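Database features (TrEMBL):
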type	residues	note
DOMAIN	23-296	domain 'NADP-dependent oxidoreductase'
ACT_SITE	Tyr48	active site, proton donor
SITE	Lys77	site 'Lowers pKa of active site Tyr'
BINDING	His110	substrate binding site
Amino acid sequence: MSFAKTGYPKPFIPKFGFGTIGSPEDVVEAVAYAIEVGYRHIDCAYIYGNEKGVGKGIKIGLERANIERSELFITSKLWNTFHNPNVVEKACQKSIDDLGVGYLDLYLVHNSIAQVELEGGDWRSVDKEGKAVLEEGVTILQTYKAMVALKEKGMIKHVGVSNFTVSHLLELKQAGLEVECNQIELHPFLPQDRVIDWCRENGIVCTAFSPLGTHSWDMRPKNAPNFFENQVLKEIAEKHSCSVVGVALAWAIQRREDGLCVIPKSYNPKHIKSNYEEALNVKLDKEDFEKIATLNIGFRIVDPYNIWKIPIFD
């Protein structure tokens, strides 16, 4: 298994993982097959609404691959409406129970905002004006301290964040709180150099979600660049006799000597297998990286402002 290195004594997180956002029914076989073909890093979240299905897939996958739970690295995330320190442990336990895994290898704060869960609302928890209602008096420091306590209780092995900017991370660092991972949107159109460089300097591993510039929820902007038809990526793919997807995944993993983690998602068996094989076998050269660097337009596919009308990025 290939691990991403950090400033910690032992690399702890597999470089390549499997994203699970999607249908609770379809995710079962997708996760099972992913484990069967070699994936050992499974990325989950409460808000995906499918952790019971993921748990079923994990159980089947372990049997097919003839491996133990300890050989998997399982991540889940604390949703915005559970930031109150009094409910953090309960939220974590629900994910553990739904997944049926006994403990989490990594637990992340999904976003930096604490929201009030509105009665009768959907996952966005927004008011009539379409804006998130923030939970007053709950700070990210309070929430993260409660997350760290889960590690001390043995419920989780590692603790981190998601969608955090350098400003957010600096606030935690100044409070003496250890962050082990920051999961962020990252792809050739949004390489996130500032964030990953800061994380590298501070011993934090970054995990890339939406590494193909796509997203399963209906949030993709209409003016988003067409990843699969990009000429630069197509030429590099032809050069290496691989797919455009393989180029993007290899780029994400190889662009820093310490390594980044990447968690593409697919429910198509053919793509699940090819993603795994190409990401770890395609070797890009300096010229490839220079060409891909020209694609940076700072384009964010998943912008929470479009969901909650609250800016969380610098």
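From the backbone N, Cα and C atoms, a Cβ is placed for every residue, glycine too.
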Close in space, distant in sequence - His110 (substrate binding site), Cβ under 8 Å, 6 or more apart: Ala45, Tyr46, Ile47, Lys77, Leu78, Trp79, Asn80, Ser162, Asn163
Local backbone state of Lys77 (site 'Lowers pKa of active site Tyr'), from DSSP in three classes: strand
Chain-internal residues, separated by at least six, CB under 8 A from Tyr48 (active site, proton donor): Thr20, Ile21, Gly22
Average model confidence [pLDDT] within the domain 'NADP-dependent oxidoreductase' (23-296): 94
Cβ neighbour count within 10 Å of Lys77 (site 'Lowers pKa of active site Tyr'): 27
